[in-house]
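Annotated in TrEMBL:
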- 32-49: transmembrane segment (TRANSMEM)
- 61-82: transmembrane segment (TRANSMEM)
- 88-112: transmembrane segment (TRANSMEM)
- 133-158: transmembrane segment (TRANSMEM)
- 178-201: transmembrane segment (TRANSMEM)
- 213-231: transmembrane segment (TRANSMEM)
- 251-270: transmembrane segment (TRANSMEM)
- 282-301: transmembrane segment (TRANSMEM)
- 307-329: transmembrane segment (TRANSMEM)
Amino acid sequence: AILLSLSSYFFSPFLLRYFVHSSEIYCAVIDYLDWRCFGLLFSFPFLAFRSFYIGIVRTNALSWAALAAVLINIPCNYWFVFVLDRGIAGAAIASSLSEAASLLIIMVYTWLKIDRTDFGLKFIFDKCLLVELWHLSVWSMLHAFISVAPWFLFFVVIERLGEAQLAVSNIIRSVSTIFFVIVNSFAATTGALVSNLIGAGERQYLFPLCRKILKLGYAIGLPLVVLAMVFRRQITGFYTDSSQLINISSIPFAVMLLNYVFALPGYVYINAVTGTGKTRIAFWFQLITIVIYLFYLYLLSHYTASLAVYLTAEYLFVILLAVQSVLYLRISS
């Protein structure tokens, strides 16, 4: 986290200068990253705690941490953005502070509620364990790292379409985060439960488990998709009062919402692969998918394509993840 925070702080201005053409957008991005990059110092250890609590199936602590993040993020956003007039930098400060609060809550909960002796939560140096953990987790880290690349490059491509299209894509991205949280929650749970099945020697229940998770995910997510589809103009109206942006966003918004149907199985099954311990395989699936995804964006950039067409790249991305993962799980079983 320290390495990536410092790297982002010092090198982002040089890298983004080659990708972002608009000087206004460039300055806004740098203002945001100068504060947002330090959130990694809190989010990285929090992710370790999150994996621990999902693994021991005690996720109520995560709910309290998430609630704390929301309760701090909203007033801090208002204070820094509007009262102190810090603009986009204020939003970054608020996000980093909310992540710090989440980490603090989860650490206090661990100290008060968890038997640290039973779970071996003590500071030790075990070289063999660290080496084994590194070999297992390095592929997960690379997997997570390269999963960010498509969105970054997607915005680089969209930025070339103009500031209006970029503004719409940011609105869509913000709304899609709600659905991504749902998908990611089920996906992370899948990885933990699959690991439990493998450890119990009950691999034959892997696909029935995934199907149950998908049914639950659709039962929770699809009604929200329908509601968002019906009230899409009102939702985008919360982000902007520009009638032009609201009209432009209508079709791309619908395309983004329908991607939930494919994103859920895509991320559930790739996390099932990770749950079996085959983190290297999951990394290669992600890498292959990203290469095809970027090639698709490259082809679209040579034509006069709308934002809605560019968003179909997300369909390709999650469908490829699902197909590769399902085929591997069936063959390996």
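Here the Cβ of each residue, glycine as well, is placed from N, Cα and C on the backbone.
The structure displayed is predicted, hence computed values, not measured ones.
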Quick one: find which recorded stretch in 88-112, 178-201, 251-270, 307-329 has the most Cβ pairs under 8 Å with the transmembrane segment (282-301).
307-329
Spatial neighbours of the transmembrane segment (307-329) far in sequence, C-beta under 8 Å, 6+ residues away
150, 154, 157-158, 161, 165, 168-169, 172, 206-207, 248, 251-252, 255-256, 259, 262-263, 265-267, 269-270, 272-273, 276, 278, 281-282, 285-286, 288-290, 292-293, 296-297, 300
